[in-house]
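The structure appears below as structure tokens.
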Amino acid sequence: MLGWCEAIARNPHRIPNNTRTPEISGDLADASQTSTLNEKSPGRSASRSSNISKASSPTTGTAPRSQSRLSVCPSTQDICRICHCEGDEESPLITPCRCTGTLRFVHQSCLHQWIKSSDTRCCELCKYDFIMETKLKPLRKWEKLQMTTSERRKIFCSVTFHVIAITCVVWSLYVLIDRTAEEIKQGNDNGVLEWPFWTKLVVVAIGFTGGLVFMYVQCKVYVQLWRRLKAYNRVIFVQNCPDTAKKLEKNFSCNVNTDIKDAVVVPVPQTGANSLPSAEGGPPEVVSV
């Protein structure tokens, strides 16, 4: 027994497996499990960190969307509500009505063209009557109305029919009046007026009344065409609405006041003969010649 114990003390690693105690084997098993957990933990932490980095970093597919959204955002500059262009020195923007927001600005030329084409003198949104100064062009510079072929055809047919109808009515009235005058002379001689005279008189009255009504209706159409032609060949200068002009002046004055309040006064050093440095008050320096 003593020899065997001495051999074990000299070489403890050569102990057979069946002779080791269960406590030693349990400690070794716990150590192996902790080592395996330590080996697996870096992989998990790395995967978690990679997931966090993926969630935090923006994907490449969303970058162009953000850029496209920024490009689609509307500009805050004032634009014309007809042509959607900005104003410049040649064609500035005016505020002719009481509309607010982006609909209050319009070009003078765009508004002039719209008034000529629509033949209206008020805003279609707020129904405010424009303050206009009109002036007709010289007759040499008049332009034709912009009409379709069907409208021109209708006008030509109506004028032709009107001329023919007026000619027929005038000729029939002349003939009836002439014959009626002859019958009146014969009746004065005989002392009796026959029934054809009264029949002709009724026909003349009906024809004359119908001719007057027809001429009145046609003349209304011609007057409307004449007004359209005059409106198309006039120079219009629309003035700013007084209400909107006052609001713009108030806003401008408020902005100027805020800019003045926010301005910082920087003191400027005086560079004069009186502002000499304090060192010059001491004894003068001697310069070697």
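Quick reminder: no glycine exception, Cβ is built from N, Cα and C everywhere.
According to Swiss-Prot, the feature region 'Disordered' maps to 13-69.
Annotation source Swiss-Prot lists compositional bias 'Polar residues' at 59-69.
Swiss-Prot lists 72-133 with the feature zinc finger. Shown for the zinc finger (72-133): DSSP residue counts in helix, strand and coil, namely 15 helix, 10 strand, 37 coil.
On its own chain, C110 (Zn(2+) 1 binding site) has C80, I82, C83 as residues at least 6 apart in sequence with a Cβ closer than 8 Å to its own Cβ. Summarising the annotation, Swiss-Prot assigns Zn(2+) 1 binding site to C80, C83, H107, C110.
Annotation source Swiss-Prot lists Zn(2+) 2 binding site at C97, C99, C123, C126, citing sequence analysis. Taking all protein chains in view, 19 other C-beta atoms sit within 10 angstroms of the C-beta of C123 (Zn(2+) 2 binding site).
Under 8 Å from some Cβ of the transmembrane segment (155-175) lie the Cβ atoms of residues 147, 204, 207-208, 210-211, 214-215, 218, 221, 225, all in the same chain and six or more residues away from its ends. The transmembrane segment annotation in Swiss-Prot covers 155-175 (among others) and rests on sequence analysis.
Per Swiss-Prot, transmembrane segment is recorded for 197-217 (among others).
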For the binding-site residues listed here (C83, C97, C99), tell me which residue's CB has the most neighbouring CB atoms inside 10 Å.
C97
Residues lining the Zn(2+) 1 site besides C80, C83, H107, C110 (CB within 8 A of their CB center) are R81, I82, H84, C85, S91, L93, V106, S109, L111
Least crowded of the binding-site residues C80, C126, counting other Cβ atoms within 10 Å of each Cβ, is C126
In whole Å, how far does the CA atom of C123 (Zn(2+) 2 binding site) lie from that of H107 (Zn(2+) 1 binding site)?
14
